[in-house]
Amino acid sequence: MNQKVLQTLEYDKIKSQLSDFLSTPIGRQEADALQPITDVHIINYWLQETADAMMIDRLKGGIPLAKLADITPHLKRLNIQASLSATELAEIGNVLRNTSAISNFFIQMKDESIGESLEVLIEQAEQLETLPEVTKSIQTAIDSTGRINDEASYELKSVRGKIVGHENAIKNKMQEFTKGKTAQYLSDPIVTIRSDRYVLPVKAEYRSQFGGVVHDQSQTGLTLYIEPQAVVELSNKLSELRVKESAEEQRVLQELSAELEPHTNEIQQNVQILGHFDFVNAKARLAARLDAMQPTVSVENHISLRQAWHPLLDKKIAVANDISLGDSYKTIIITGPNTGGKTITIKTLGLLQLMAQSGLFITTRQPSTIGIFDEVFADIGDEQSIEQNLSTFSSHMANIVSMLDHIDDKTLVIFDELGAGTDPAEGAALAIAILDKVASLGAYTIATTHYPELKLYGYNRPETKNASMVFDVETLQPTYQFLMGVPGQSNALAIAKRLGFGEDVIGAAMALTDESDQDLNNMIADLVAQRDEVKKNNEELRSQLKATEEKSEALSEEQSKLEKERAHVILDAKNEANHIVAATKKQAEQLISEIRKERLRAGQRGELTEQELQARKGKLDQLRQNDSLEKNKILQKAKKVKELAPGDEITVRSYSQQGTLVKKHKNGQWEVEMGILKMLVDEDDIVKTEATVKAQKGKAKKKQQKIIRKTTSSGSTRASVKSSLDLRGVRYEAALTELDRYLDTAVLANISPVEIIHGKGTGALRQGVTEFLRSDRRVKSYHFASANAGGDGATIVELK
């Protein structure tokens, strides 16, 4: 990628923001070296790294990296068997401790099942070499500040103990001189140190009376710093102990350096991985700062930026726009007056493309797609170029000439005010010729111009689309909204009229205007009016659709309520019938018992035998209502009052789904069509829908009939399936399982579109739903809901 376009599109300013989040030298080196690349596999890998890091940032606050020093020079010295200083060893020890901490961090995430959602960072963490024995040796011997600990060796601890003893003895002896008779010889009753020896500040005139060794004097010469003769021997012994301490410290450092030397390659690998984690952390935190999203990469170079804004603008006030290029057209011509936002629009497309090819998330409010370009060229106008000043026509042309030598079908070209800076007629002609040349080379182009001659360019060139920036004539202010398909409209006369010019001036101006220009402006005005009308109608349709869905949901709830009431009525009726039968049976048994007793007393045999009496009792038993509706033959027979016939609307009891009878097979089974499915069903498993309706009485019957009349052609199954699924508050795995089950039900009921409500929250569930829908074959398309319908807290799904 050429370096000029990185400067022109302010790519380095994005990298500068990235550096705000870095804490390691290797991470900074990686950020400094960041460039757009063209390998789609590496780009997707980098984007997935950023996605993993964003998930860790949301769930754990990021990868817990400490600030690390650059230990690469230390490792090079170890490779030549040099002995490192305590500070250098402490810095290596800090890296090793961080290595262990990061390794344990990812192991814990894996144990918590979070690691299953991390596609690449877990694998990188598994390459860390923790070196526990070496880490422990350094941690025992040297603290984080570079001081050698007493526990570094037995000898060092012993020598330091003796040093402390001698220092205390010397201090006690010196304190005696600050009191009593000798105190009068001192400038101040304090003990100080000169040349590593304990001394007292003695007045110069008492030098002979005090005695001892003079080590220093004050600037005035009035005070001498004298070591009393009584502590000279102790001080000499203390110096000897300090020499031993230094020798032992050096031995410890040499021993630790020798222990580290075989592991320099592993430590260097750890440094690289930790630095890369620092860089990935920074990418995630930059994405969070910018409120950026992960783009999809299109190898066909189909760019679709949905609700995109320039990442260097304040996202709270920036106007987001939809920009598409490369699908049905490869050239966009943005016409219209200056100051309307044309330049920032083309810069947005160019910079977001560079960011995505660098593995960075892009500033869009809805899922978007970027291409893969070997080169991106940009010729940006002078007054609006932030970093580059190309002020003359010749410099623009020289820049474009250099581009043409490198343009092919894998190039994105950005022109700002193409052909400006010269005679308008010649400039417009040259602009058209340049655009034709670039198009013949197969490049993808987005260009801005204020030449009216180019307004017709998009209509008579293949794979070319007109566009413009919306201008509010009422407020005389640009809206910065990007409008595809409509060329820029000249508003000069309309603005002049609103500002107070009389009809005579406006009329004279119109008379001087070329008639074809007036016709073109009128045509553009008509297109804009039609577009506004379509937009208004779409909003009304969306509002009506939402109201219809709400009514459908209410009707579905009412139907469910009626079905429950019906079930209660049937249950109460069955209980009452069973009660009557039980009472009748009891009376019959009493009657039979009396007959038997009477016959026994009379010793007679009547015509009514014992078997006949039992048979009559059995008939009474059969009157009892069966508790299981599926096994109750009387109720089943009642449900099949009419003969089944093809075309009948029926209910399959085992599936609780409605369908239509197609034909009856020889084996007695019926072929039933339920939504997009067809299956064979036993006749006993089929209930006519009309029997269900007729079983209801009174007010419940009327309400049920009204519901059935108002449901759509897909029947009661469609009405009972809601057009939305609320996953808020549901755990991640359970939510995806529920989503899969819901899509099955919606497809079976032939419902589309449907709304998946996942909320905003941390964004983990939203990302999970998006990934699920992207790979699901049942999904035709999906997008976030409109801002007034939940925004990115809900996803609208079109099913196949």
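Glycine too: its Cβ is placed from the backbone N, Cα and C atoms.
Annotated features, as they stand in Swiss-Prot:
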type: BINDING; residues: Gly336, Pro337, Asn338, Thr339, Gly340, Gly341, Lys342, Thr343; note: ATP binding site
type: DOMAIN; residues: 725-800; note: domain 'Smr'
Cβ neighbour count (within 10 Å, all chains shown) around Gly340 (ATP binding site): 24
Gly336, Gly341 as binding-site residues, winner by CB count within 10 A: Gly336
Least surrounded among the binding-site residues, given as Lys342, Thr343, when other CB atoms within 10 Å are counted: Thr343
Secondary-structure category, per DSSP, in which Lys342 (ATP binding site) falls: helix
Within the domain 'Smr' (725-800), residues counted as helix, strand or coil by DSSP: 35 helix, 18 strand, 23 coil
In three-state DSSP terms, the structure that Gly336 (ATP binding site) belongs to: coil
Arithmetic mean of per-residue pLDDT over the domain 'Smr' (725-800): 85
